[in-house]
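Taken from TrEMBL, the feature transmembrane segment applies to A:6-26, A:47-71, A:91-111, A:131-150, A:192-215. Annotation source TrEMBL lists domain 'NarG-like' at A:6-224. Residues annotated as heme b 1 binding site in TrEMBL: A:His56, A:His205. If you look up TrEMBL, you'll see A:His66, A:His187 marked as heme b 2 binding site.
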Amino acid sequence: MRHLHIALWGVLPYLVLVLFLAGSAWRYQYDRFGITTRSSQLHESRLLRVASPMFHIGLLLVIGGHVIGLIVPESLTEALRVPESAYRANALLVGGLAGTAAVAGLSVLIWRRLSTRAVRESSTRSDRALYPVLVTVLVAGLVATLAGSASGDYDYRLGVSIWFRSLFELDPNVDAMRDAPLVFQVHTLTGMALFALWPFSRLVHAFAAPVGYLVRPYVVYRSRRPAPARALDGRPDRA
Amino acid sequence: MARPSLRKKGGAANGRGKAAPRRVMAQVAMVMNLDKCIGCHTCSVTCKQTWTNRPGTEYVWFNNVETRPGQGYPRGYEDQDRWNGGWTLNRRGRLVPRAGGRFRRLSGIFANPDLPELNDYYEPWTYDYATLTDAPLGDDVPTAAPRSLIDGRPTSVEWGPNWDDDLGGGPAHVANDPMLRKIGDGIKLEYEQSFMFYLPRICEHCLNPSCVAACPSGALYKRIEDGIVLVDQDRCRGWRMCVSGCPYKKIYFNHRTGKAEKCTLCYPRIEAGEPTVCSETCVGRLRYLGVILYDPDRVGEAASVEDDRDLYEAQLGCFLDPDDPQVAAAAEASGVPHDWVTAARRSPVHALINKYRVALPLHPEYRTMPMVWYIPPLSPIVDALAETGNDGEDAGNLFGAIESLRIPVSYLAELFTAGDEEPVRASLRKLAAMRAHMRRVNLGEPEDPSIAGSVGMDTDQMRAMYRLLALAKYDERYVIPTAYSGGSFTGHADHGCSLEGPGGPGMMDGDAAGEAFHAPPLVPAPSSAAGEGDGDGPRRVNLLNWNGHGRPAGLFPPRAAGEES
Ligand code: SF4
Ligand code: SF4
């Protein structure tokens with residue numbers, strides 16, 4: 001078992017990270033055309049207009065919660081005198097609500113994908129690989145939040161979070177993960193699968209989040225093509 | 001803004017009398033003479049064969065021809081209360097996209113609330129042709145049943161890109177025309193009194209494109225050199241904001257590639273000085289292409305004038321007169337090449353819009369400053385009048401008829417001038433005067449300068465306009481200078497085109513055997529090979545030169561040196 005744990009929590013994360021970075025770089029370099037939301041709103045709009053914002057906003061909140069929960073060490077919140085109970089209640093409430101919204105949104109989206117023929121037809125192989133993983137991650141995460149926080153017998157900030165931070169110190173704390181409850185392990189493992197799939201599935205569109213739009217002038221002008229590489233003296237016949 | 005006035009010579013409202021423009025930009029623009037459109041859809045079909053005969057774009061018509069009155073394509077696209085396309089003025093009088101500013105757009109990015117669904121266009125279909133030949137022997141004649149091109153299932157065809165063509169569907173469908181609803185119940189839809197004309201539409205390549213403004217990724221852009229609005233397929237991320245942002249609904253979502261696509265004004269042809277495919281193949285020879293010079297610094301101001309009805313004049317005020325030496329100097333200082341300035345002087349589009357002022361913009365009230373303009377249709381007036389026993393081409397009768405014509409001026413005004421009837425009347429009167437004038441000429445009667453004078457023109461202008469509109473010589477319809485950029489242009493073989501991604505608009509479907517031969521050969525041809533391209537870039541096969549016999553030259557890369565015929 002010891003070797004398995006080392007492989008899962010000590011080696012695998014680095015493999016996934018390399019795959020994630022290299023895959024994304026490859027995708028950007030060789031398949032920029034393929035980076036798109038691949039939206040199916042054209043085929044079905046009614047369900048999507050409810051479920052998609054629910055899923056996406058829920059997910060963004062969840063991601064924010066992970067950043068706080070994994071990166072901010074318990075010692076810091078203690079130093080700031082955030083009461084443990086308040087922290088937990090907040091995590092349960094916001095995390096629980098956001099997670100529920102994401103899971104509910106995703107359920108509707110998947111149901112829509114399966115039941116609307118045109119949407120089903122437009123699904124790709126990577127979608128079929130991605131959706132089960134996404135569901136497992138979200139459900140396991142939600143269960144961990146609700147059950148874990150409610151019963152209060154496992155503090156992930158003293159377990160999973162320590163393992164996560166130890167990864168970046170290049171000294172993985174395998175034990176912290178080995179002692180974590182099963183749902184946390186499942187959540188972490190499928191989470192890694194998600195990162196591995198990321199560059200190769202429609203998830204890449206997250207990288208395209210158009211924040212630049214907020215500061216850009218409305219109308220974009222572009223020249224027909226970039227100036228020629230060679231310096232010419234302005235006369236085409238001398239090219 | 002310049003007051004609407006008809007001057008004797010040349011156009012008006014070109015900003016003359018103002019200081020020389022700081023910057024000058026050039027735009028390739030189009031004018032269509034609706035009088036001559038016979039609604040044959042040749043333009044749509046050739047455009048589709050060229051650009052949208054790929055999976056994912058089955059429902060897409062960059063060029064479509066609508067019967068007016070009618071709902072158009074997609075259905076009821078002109079109803080901006082519903083689709084929120086184009087621009088509007090906010091409370092402080094500033095120009096903002098009608099669907100909301102940047103924050104509102106981004107907050108709606110997970111589901112575009114204004115996106116038309118496929119059913120608003122139509123569900124594309126094909127027929128089960130195979131059953132016609134494969135059906136086993138039986139008592140029934142085999143039929144080719146319709147099948148959806150979206151999900152492959154048998155379907156019943158209930159709407160198409162042109163369902164209400166020629167008033168198909170009658171008053172029930174026609175009454176859903178958003179423009180007809182605007183002018184109210186004064187319009188007769190009974191068959192005896194009904195009217196119709198055709199409105200061919202492409203992307204307007206607007207001066208103030210709301211599609212570009214709506215794109216969160218910055219993938220849409222207006223080309224500096226010729227004003228063509230394009231989608232960078234490598235930067236488009238499928239947010240679909242442009243589709244709803246364009247009030248003319250001339251951006252389409254390719255549901256296979258997940259990218260936006262739009263009319264390209266056939267830019268590879270324009271760059272080579274050739275007219276677009278729709279223009280080239282137009283049976284009525286009614287499309288005009290040419291350069292217009294404009295002052296980019298006036299566009300924003302012009303698009304924000306308060307009253308919708310002033311937008312036509314305001315847009316005219318952005319255009320510059322290429323015959324003005326100050327404008328020509330400013331143009332060349334701004335990097336517009338000399339041959340573009342001379343082309344602008346000969347431009348039929350400049351003549352019809354600015355000099356004769358017979359062409360009008362389509363829906364200026366959307367405030368996108370469209371650059372495909374239309375000459376309103378006149379013919380039905382003449383016919384209606386002739387039936388009453390009057391002389392249909394006598395100037396006096398014609399002018400009277402315009403006030404009581406069969407196609408209501410109010411309807412045309414809703415299309416072309418945000419409801420202001422005066423510019424439409426002025427345009428129709430000039431067309432009528434031209435007919436009356438030329439009839440006298442053709443009958444050998446002495447010219448009557450008062451006819452031309454009554455519409456603010458002279459007899460030379462009458463003849464020139466007649467030549468442009470009625471004779472419509474190829475060389476005069478299309479005055480397109482070849483492309484320029486940064487000094488050297490050697491053709492497009494040497495640089496990649498962003499439209500040529502897999503499944504993109506520059507690519508044809510590789511698995512459909514019948515279409516695969518449009519794809520440029522992947523292997524660069526050796527320079528000794530037969531075919532058109534004798535350079536070392538990818539070769540191009542021009543099937544127009546193919547007589548249908550044997551193998552077109554250069555279609556396949558040579559297998560071995562001696563084998564090529
Ligand atoms: S008509 Fe063309 S340029 Fe104008 S907003 Fe629509 S897509 Fe953009
Ligand atoms: S090809 Fe010309 S005449 Fe025919 S429908 Fe198109 S614009 Fe009209």
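Backbone N, Cα and C define each Cβ position, glycine as well.
A TrEMBL annotation is a machine prediction, not a hand-curated record.
Structure with TrEMBL features highlighted.
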{"residue": "A:His56", "record": "heme b 1 binding site", "Cβ contacts under 8 Å, 6 or more apart": "A:Gly105"}
{"residue": "A:His66", "record": "heme b 2 binding site", "Cβ contacts under 8 Å, 6 or more apart": "none"}
{"residue": "A:His187", "record": "heme b 2 binding site", "Cβ contacts under 8 Å, 6 or more apart": "A:Val137, A:Ala140, A:Gly141, A:Ala144"}
{"residue": "A:His205", "record": "heme b 1 binding site", "Cβ contacts under 8 Å, 6 or more apart": "A:Ile35, A:Thr36, A:Thr37, A:Arg38"}
Practice task
Go through the binding-site residues A:His56, A:His187, A:His205 one by one and keep only those whose Cβ is less than 8 Å from a Cβ of chain B; report them in sequence order, or 'none'.
Solution key: A:His56, A:His205
Completion exercise
For the transmembrane segment (A:47-71), the candidate among A:6-26, A:91-111, A:131-150, A:192-215 having the most Cβ pairs under 8 Å is A:91-111
Problem - Coarse DSSP state, helix versus strand versus coil, of A:His187 (heme b 2 binding site) - result: helix
Problem - Local confidence of the domain 'NarG-like' (A:6-224) - pLDDT mean - result: 91
